[in-house]
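For reference, the structure is listed below as structure tokens.
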Amino acid sequence: MLRSALLSAVLPLLRAQPFPCPKTCKCVVRDAAQCSGGSVAHIAELGLPTNLTHILLFRMDQGILRNHSFSGMTVLQRQMLSDSHISAIDPGTFNDLVKLKTLRLTRNKISRLPRAILDKMVLLEQLFLDHNALRDLDQNLFQQLRNLQELGLNQNQLSFLPANLFSSLRELKLLDLSRNNLTHLPKGLLGAQVKLEKLLLYSNQLTSVDSGLLSNLGALTELRLERNHLRSVAPGAFDRLGNLSSLTLSGNLLESLPPALFLHVSSVSRLTLFENPLEELPDVLFGEMAGLRELWLNGTHLSTLPAAAFRNLSGLQTLGLTRNPRLSALPRGVFQGLRELRVLGLHTNALAELRDDALRGLGHLRQVSLRHNRLRALPRTLFRNLSSLESVQLEHNQLETLPGDVFAALPQLTQVLLGHNPWLCDCGLWRFLQWLRHHPDILGRDEPPQCRGPEPRASLSFWELLQGDPWCPDPRSLPLDPPTENALEAPVPSWLPNSWQSQTWAQLVARGESPNNRLYWGLYILLLVAQAIIAAFIVFAMIKIGQLFRTLIREKLLLEAMGKSCN
């Protein structure tokens, strides 16, 4: 049985007639030839067998592709002619390629195609004409390609497309029109592409997305419109794209967006809007988009955000809100509902302060970038309950101090970047430095934070401070946090230094001077001694006064007794 099976497998190979491989080609695969060099105009002289199924021709000399180049190749299925400087193609060149399924003519110098050049290739499934010099296309060029599934016209010089150019391409799944000079897409251009899955229109000069242009593309999963000149998107332009998963609108000229523009694209998992001069966002922009994983709003002119802007994006994992020079404040609760958020980019904005609850509810947050802002202080509770937080970037702000426990109870924290801030290394920073002493590996080594003052600690890095002797008097007695408004109104305990002493201490710290500890404690002890002496004097006086009263009472009683005796 095994012997007969082997014979059955080998006999067809033995019966196959090998074809002669041209000297200038390689034939490493049966029925396939790979040739380079030579002239485009003399392909017929290579002597390629007519029973080939695959031909790859590349790096040939410039010339015109002649109509007899592939005569008799009726079984050819894959043909690739790339990097060969083809300047033109004679009519009828592909007439014998009736079984061709893939035609690749990439990276040539083709400026136009004869009207009927593709008519005989009715089985064609893939056509790639990218990286050429095509300026216009005949409206009937693709009329017979009813089985075409992939069409690449990218990297040409197309500025206009006839409205019915793709009317016969009902099986099309991929259409790449990127990197051309298109300024407008006519109505009805994509009316027949009900199976289209990928539409690539990026890097053109489109100025608008008109109503109805995309209405029949219900199967579309990827739409790329970035790097155009878009100034407007029609309301409801994306409403029929129920299967869309990726939408890119970045790098355009959009100053505003219609309300509810993304209300019906619930399947989108990636959305980019960055590098647009957006002035504001409508109160309602996104619908229930639980599948959205990434949202990019970088490089805009936004000065604030609607409070409920991201409320419906419960599955969002990455949110980029960076390089917005006018974004100076965040409304309360703007990130509410983003329970799955992992990465939050807020760097290179104009944020001067953050609310204490700005990050509340972001239990899965791992990275937050706040560098290159104008932050002068951070609330103590800003990072509270962010148990998954791993990295915090705070470089290039205006921070002078930090609460000692601002990063406490963050078990996953591995990186805190604090460089390029005007740190005031006085007793107000001491508790944070003490926390840092117990977490030495958390601070970045490349750009360590340095003290701006006071002398003599100016220009010292935090590492040098931690390695030196303690310079803050009795740091254990320092309050954990700055006093609150209620604390300022509370009565001052009698054992605290008086107001003159507090003012003197505050003036020394404000001037960046270290207080004279010995003088301070000497005055304090002298005050205690004076208080003790005064108290002793008062007690002594009270005793004497008591004794005097007792003497006077005794004498009065004696006088009264003597008076009664005389009577």
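Here the Cβ of each residue, glycine as well, is placed from N, Cα and C on the backbone.
These figures come from a predicted structure and were not determined experimentally.
Per Swiss-Prot, domain 'LRRCT' is recorded for 421-474. Among the features that Swiss-Prot reports, repeat 'LRR 2' is placed at 99-120. If you look up Swiss-Prot, you'll see 123-144 marked as repeat 'LRR 3'. The repeat 'LRR 4' annotation in Swiss-Prot covers 147-168. According to Swiss-Prot, the repeat 'LRR 5' annotation covers 171-193. Summarising the annotation, Swiss-Prot assigns repeat 'LRR 6' to 195-216. Taken from Swiss-Prot, the feature repeat 'LRR 7' applies to 219-240. Annotation source Swiss-Prot lists repeat 'LRR 8' at 243-264. Residues or ranges marked as repeat 'LRR 9' by Swiss-Prot: 267-288. Under the heading repeat 'LRR 10', Swiss-Prot lists 291-312. Taken from Swiss-Prot, the feature repeat 'LRR 11' covers 315-337. For 340-361, the entry in Swiss-Prot reads repeat 'LRR 12'. Taken from Swiss-Prot, the feature repeat 'LRR 14' applies to 388-409. Here Swiss-Prot flags 1-16 as signal peptide, drawing on sequence analysis. The topological domain 'Extracellular' annotation in Swiss-Prot covers 17-522. The transmembrane segment feature in Swiss-Prot is assigned to 523-543.
The repeat 'LRR 2' (99-120) scores a mean pLDDT of 96 in the predicted structure. Sequence-distant contacts of the repeat 'LRR 4' (147-168), counting only residues of its own chain at least 6 positions beyond either end whose CB sits under 8 Å from a CB of the stretch, comprise 106, 122-139, 141, 174-193, 200. DSSP states for the repeat 'LRR 4' (147-168), grouped as helix (H, G, I), strand (E, B) and coil, give 0 helix, 3 strand, 19 coil. Helix, strand and coil counts under DSSP for the repeat 'LRR 8' (243-264) come to 0 helix, 4 strand, 18 coil.
Long-range contacts of the repeat 'LRR 12' (340-361) within the same chain, counting only residues at least 6 positions beyond its ends with a Cβ under 8 Å from a Cβ of the stretch, are 298, 314-330, 332-334, 367-383, 385-386, 393. Here the repeat 'LRR 9' (267-288) has Cβ contacts under 8 Å with residues 226, 242-261, 294-306, 308-310, 312-313, 320 of the same chain, all six or more residues outside its ends.
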